[in-house]
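Everything on this sheet refers to the single structure shown next.
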Amino acid sequence: MASVEEDFPRGGTAKKPTESKIVVQRTEVDNLFESNEQIETKKRKGAGNDDGKKLKKPKTGKEKEDGLTLNADAKCVEILHIKNVKEGMLMLGCVKEVTDFEVTVSLPCGLQGFLSIKNISDSYTKLLSEQLESDDTEEFCSLPHLFYPGMVLRCVVAKLDVTKGGSLSLKLSVNPKMVNKGLSPNALKTGMVLTGCVESVEDYGYIIDIGVTETKAFLPKTAVKDKPNNPGELKVGQYVISYVEEVKNNGRVVRLSIGAQTIAQALAESKQGWTLSNLLPGLLMKATIKKVTKHGLLLDFLSGFSGQVDCLHMEPEQASSYSEGDEMRASVLYVDPTTRLVGMSLRSHLLTPGSRVDLPPVDRIGEVVKGCKMTSLHHMSGAVLELPDKTAAFVHRNNLKEPSVAANENKVLAKLEHTCRIVDFSLIDQIHFATLRSSVIEKPFFRYQDIRAGQVVEGKVSVLLDHGMVVHISDHIKGLVPRTHLSDIVLKNPEKKYMEGMKVKCRVLSVDAENKKLCLTRKKAMVESSLPLFFSYLDARPGRVSHGYIVCIKSFGCIVRFYNNVKGLVSLGELSFEPIVSPEDVFYIGQVLKVKVLQCDPEREKLLLSFKAALEGDSEKPPRPQSECEVGEKVEARVLKKVVTGLEVAILPDETRAVLPTMHLSDHLSNCPLLWENLQVGDNISNLVCFNNNKQNINLTKKPTVRWSLEEGVVAKDFSEITVGMQLIGWIRNIMSYGVFVEFPYGLVGLAPKSAMTDKFITDPTVAFQLGQTVMAKVTNLDEEKRRFLVTLKISEVISPVGDVQTRLINGLQERRAVTKMLSMRDDSDLRRQLFALCVGQKLKLTVDTVDNGATFKSDDLVGATILANKQHITGTNLMGGQKVTAVILHVDIQSTWVHVSILPKLVAKKKSLNEGSKYTATVQHLDEDFAVISLEDTAQLTLIQTRSHMNDVFLSDSEKMKTGKCLTAEVIETSCEELQGLPLVSWERTAPKRQRMTSENQLGSKGSCFGEIVHGKVRSVKPTCIQVVLDAGGMGSVHVSEVLELADVHPGSFPTSSVKVGSVVTARVIGGREASSHRFLPFSHPKFTYTLPELTLIPSKLDQSADLKSVSAKEKLRRYEAGEEITCFVSKFHSDRKSLEVTTDPGVTGTVELLAMITDPKDATHPEKMYKLGQAIRAKVVEVSTKPHRFILSLTDTCKLETGSVTLGMVTSVQPQVGLHVKLPFGGTGTVAVTDLADAYKPNPLGPYSKDQLLRCCLLGNENGKWHLSLRPSRLNPQQAKPAKDEEVLSVENLKAGQTVRGYVKSVSEQGVFIRLSRTITGRAQLQKSSKYFVANHKVLVEHLPPNTLLTTKILSIDTTEQLVDLSLLPEDTGKSDVLPESLNLPLRLTGEEKKKHDAEKKKRKPSESQQKEAELQVLKKKKKTKKAKSDGNDSGVEVYFREEEDDEEPKLAPVKQVTPSSAAPSRLQVAGGFSWDVGLSSLKPASAVQDGGSSDVEEQEVSNKPQKKSRHELEQEKKAAEKALVQREAELMDPNLKPQDAAAFERLLLASPNSSLLWLQYMAHHLQATQIEQARAVAERALKTISFREEQEKLNVWVALLNLENMYGTEESLKKVFERALQFCEPMPVYQQLADIYAKSDKIKEAEGLYKTMVKRFRQNKAVWLSYGTFLLQQGQSDAASALLQRALKSLPSKESVDMIAKFAQLEFRYGDAEKGRTMFDKVLTSYPKRTDLWSVFIDLMVKHGSQNDVRALFDRVIHLSVSVKKIKFFFKRYLDYEKKHGTHQSIQAVKEKAMEFVEAKGTEAAS
């Protein structure tokens, strides 16, 4: 306490604090936040607070200062994940890509954000707006001028958007007002490094917007000379990093500089006053390493702040040399204001602010890299890979595995080599980001650069547009199929053929990778074309035929386009054999046709084509009838056509058509596509054999093995020839999940089931064999009846022919040689001829070109060839550029002109001779699909082998496949084989690896463990709820989370199992065991009982052998717990279906926490599982515990039972209008909430916001019959913070007073009246005559208009406390509200006053019947003892009873009926509660003096009562009249609209009654303005804007206009502008603009009005009223020419249909304000074009009558009556003509009009007759 009192003295002389005390004081304050922050950041992974204990033990001196931290350390250092990014987070970014409207920014930890053109700065946005409105764009600077790739900038996350795919998109801002939001003028200090944007350019410098209000920052022009990348002047909006040179006037004036050297040396210091609220990314400072962790560093900086450095931002060269206490320069990377987390960087490229970050030298994105090694794994972040070229790449933890695969980090780390795909390069982190997901690695297309024109691709239809269809090829690649390419024909309704999500096959027409544009075609003729494709003009050699599509049809011919925008002309003469005059009649755009190249000039890109020549090539002679070609016959054929599946050929010499499938071109499947690609139409193929001849076609094969089997007769010609045990050679025809179908010559097909496919165990047949693969099969089963047979492909069961492997090798290499020969012969290329002459093992003299992850070489003999050696083949050599080396050839790819070489000394050395029959150890040096190059020990001899030692070989895993560097055993068959170009011919075999024993097998041999036994072992895995231990004695053991630490050492929120590391050696003790099958915890039966899976403990007190370890059953443990006891338990599982949490306290004890006992805030109900992590220690209270049945219920909310007055969480189970809400409570309780307890302010439809299963916070009022009464009133839930209740809670009748106005809800309506709920226990009644001013004959009228729970305002007339009765009134004169019944019902008003008297007098004349009198007397006698005397009212009649209703009673109860003393004037009647009359007249409204006089003495009262009845009535009538007169006079004064209020109080009273009346508010403003109280008038206007309902738009607009008028008259131009801008935000813009323009015009501010009108016609150019308003203004100013020009602009902007009306309106304006003659001319022009517009004729006539001469008007009428319009309209004009003449003409002129009318009628009659 001493230290606290020193820091915060409690009065007395204030001591001057020393420096150390100031620090302590600041820490105390910040640690208050720290304790709160611990709760807030619990959800974030890895967040925690390790410094919470530091304040408990006071420290002194430096020790004390070191312990201060203003923000909590992260529990585990991890990279920044996108899920942790929040709005307002500050980050350091680096510009990645700049477009015209957006900047892509690289953010820390591989994140990426987008900076919009709108988020640069306010000044730049304003400049953009001005440029849009004007045509001048000279001063405008686009984004590419302001930003450049590699530029480092400070930015803030402005918004988190969700994309269409569901992923987050970060919208950034560099607006200084957001970035420097935490800075104030007082916080600015010299030496700070701030960022800003140029606000304006002045004569001697620049005003820089640094985002600090009331601060002007100036940058002199002299300081801009050394600005990097901007040698010229700065532009408005340009982003600058500046150094604060000088601060004046408390931070209001700041002078800046941007010297690169100054900024680089500037360090943030604690004396500059940096806090967590204004700490900025990019700041440089000195930091001290506080702690070195496996995944990063924890730093201290600025004497009290704590930051973290993740694995990506430690300097790679120094990562292992960091140690605690080291001091170094660090840069702030990001700041999270909510979690107070500060990320920092030690990377050198970020320690010089303003510098340009290096861009990657080579674009490797999309590259698949093999042979990567994982150097480190950070379980919360990801892993670091080392690529083969020693560069590093980072794999995010989400990319370590497929989303559907369970995480297994140990397995990933243990793998020796990885294959990854580089997906991005992070500029800010300076590292490549990669993925290990096989689904991404195996994608054929990752970027647009991966796609080539002519490729056939598959995709999904994304969307159909007017101009085409968008197809998604992959997640990030999409292409457009133009509308003309949707089909071979033009589709009118493409939506009928294509649906979203439909899979389609397309062909790529063109690719623009830079702009990410991809053009596709769906034309079948293009997609399936087997003709050569033209990708460039070089491909279009004369004589070649290809498919193209017409893009343009002209009179001189058609333009045809191919791929990559290659196009040519088909002239008119080459279109067809028949002459064509108009090509557009014959052809259509988009039509696909065969074209033949006639001429081609690649340099000039000129191409002449022909349709006719292509047709000539097709119109060959009709094929001859097929001659018989027998199966097994050897033939030669010529290629006729190439199709996707193979070749269509003609057998020579008879030209018989046949088919040669692609798979039958070779035994080696890798050779098949090569041969297909290189064979051209017209080529001859020899060595073909017919393997099947059916009715459809003849099938040929070139497979050497199949050909040999047919020649040797090792075939079955029919099913009858097949026998069990027969060996046949065939090929894979089809692959199914249950096996593969093998086809043989003569069309025979057998099935090899999955079990007979291979000697190995196989799960997926699709990975074992390939379609078309040649196999050797042995028949195992025959089904004679169904003519089916089974075969086996197991190598162990089939016998290969002698020399089969060597024969197939030679055949495969000869096929390759033939392909290379065709390529070298076909192209006139010297290089390919030279490459053809090269062979494997040949040595070359080369010059080193480049060395990078391998080496490339140059050769004087092979100019243009790519000669390369991979990393393995330059190992152990130091190469330098230009060095001369000798290399040996490994492989020559003549197609791509690549030569693979090796310069390894052991391969380049002099060859040693080989011995036939000798065995050598061979090493694989190079792989080429089906073939491999191997070296034989140290002999320097190379040779070729096949990768499959048997044609039936199956590779089920990567380890079985042949790889470079693998060792084999080879036996030399022939030292020099001619077919192998002199290379040795060898046979080879693999060496089988020794099988290692599995861990599970070791377990089986281990013995069990006994209870209490001490065991030793090594931790194998650590899970949140248990630890797996491999025991030294063999077998596995398990440690429960509760058995890791002593219970006293377990802190809430901690994870006990995390204290144990994988691989650590532990000593444990057996406390039980589990069943091997079910893992159920076994009870302790006997100490010597052995367990196969022992349950262990690591608790030190239990490990002590002297301690007595007793076995306790689960039931005994349960019995030890008591309800209300607080215990420590551990989270084990969350049941999402039941929304309950399962916790464990012991290996055999589990408990349940229901949802309502788990959370205290309804907001947490959506994801309660996020609050509690698996294995987390939590404190819970026992609610209920029992062993039979087994129940163990816990609570996490510090309460374990329900108590009156407490607040708890509840769930709505049902909503019932009569009762309210039924609510389920924790711990099995239920309750109800009455409608009057839902809120402190009653609302209409009170139950509307509530629904089933909704969670609420409830206050427990009391328990009745096992059910709780609940309240949702804020005054109950939170009495300290709640506002005063508008509708107070009525606890009893004593709280109510007569005359009080209260609100309540309708409970029911009956004949007895309207029953209204005033509270849960009190219900009042309004009699029918007190419910409405209208006479209601039947209560059902009220039932219809007052449904249950209708909110009503009532006035309490009387209260009977003894009987708990409340009498209410709903009459408008009592409540001040409108009547409950609408006027539209037209009900009669209830009689009052004199009318009521007359009505009652007539009723009294009629005597009641005897039976009625007897019945009344009988009732009086029954109740005589209980009655009291009461005065009777002459206006009353009938019987009245009062009712009290209970909550649960359906029917009202009859209250005691009391006797009334009869008077001479009125007969006796029944009345209840003496003194209350049925109708309260005006007599009750006595003045206060009268009331006092009335009660002054008993004598007067007696005298009054003794007076004659007649006089008494007279006096009563006089008093009533006087009161009525006074009331009427007062009401007239209040209701007189012409009587204006004279003071503020009167206005306030009127505004209470009509808060939405703008007229009242304006009068109130005028009242203040008359007294020149300008500020008060402004305040009234602001009040009006807040008070008037948002629905009353016109009323609000009136106030805004008044405020604009006020500012125009009494304010400044600036204040008027601010009001105008505010009005635009809250009102429709157009009326506000118009009103301000009118205000300017009326106050003769012509220039301002004209400027505003110019803005209006730009902004509202589609609004006709704006143009008319502007035109009126111009004509009123006498600017007739400007008005004419405006009309022309209006006609261009508005739709054409508005033109006529617009001209007519302008013409009217000319008549009124301008030149009448000009208006007349305009009308003449319009009506000449549109003579039938009679509405315009009428307007024209009106204007001429007003402004023209009589002659002009008569001439106009004469024109009108001769129009060809309907007779009805002509009649109308005749009538107007006659009226005009009667008013202005003479008798003769009137007669003339009548004659003209007669002529018209006669003419119409003649026409009808004819």
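Glycine residues also receive a Cβ, built from the backbone N, Cα and C atoms like all the rest.
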Given 1-21, 610-630, 946-966, which one carries TrEMBL's region 'Disordered' label?
1-21
Is the domain 'S1 motif' (1299-1371) in contact with the domain 'S1 motif' (282-347), using at least 3 Cβ pairs under 8 Å (sequence separation of 6 or more) as the test?
no
Same chain only, please: residues at least 6 beyond the ends of the repeat 'TPR' (1664-1697) with a C-beta under 8 Å from a C-beta of the stretch. Say none if there are none.
1630, 1633-1634, 1637, 1641, 1646, 1649-1650, 1653, 1656-1657, 1703, 1705-1706, 1709-1710, 1712-1715, 1718
What are the DSSP helix/strand/coil residue counts across the domain 'S1 motif' (191-259)?
7 helix, 34 strand, 28 coil
PLDDT averaged over the residues of the domain 'S1 motif' (1124-1197):
84
If you run through the domain 'S1 motif' (454-523) with DSSP, how many residues end up as helix, strand and coil?
6 helix, 35 strand, 29 coil
By DSSP, how many residues in the domain 'S1 motif' (632-703) are helix, how many strand, and how many coil?
11 helix, 37 strand, 24 coil
When secondary structure is assigned with DSSP, how many helix, strand and coil residues does the domain 'S1 motif' (1205-1273) contain?
6 helix, 34 strand, 29 coil
Reported in the order helix, strand, coil, what are the DSSP residue counts of the domain 'S1 motif' (1012-1087)?
10 helix, 31 strand, 35 coil
DSSP says what for the domain 'S1 motif' (1299-1371): how many helix, strand, coil residues?
9 helix, 35 strand, 29 coil
Residue distribution over DSSP helix, strand and coil in the domain 'S1 motif' (282-347):
6 helix, 37 strand, 23 coil
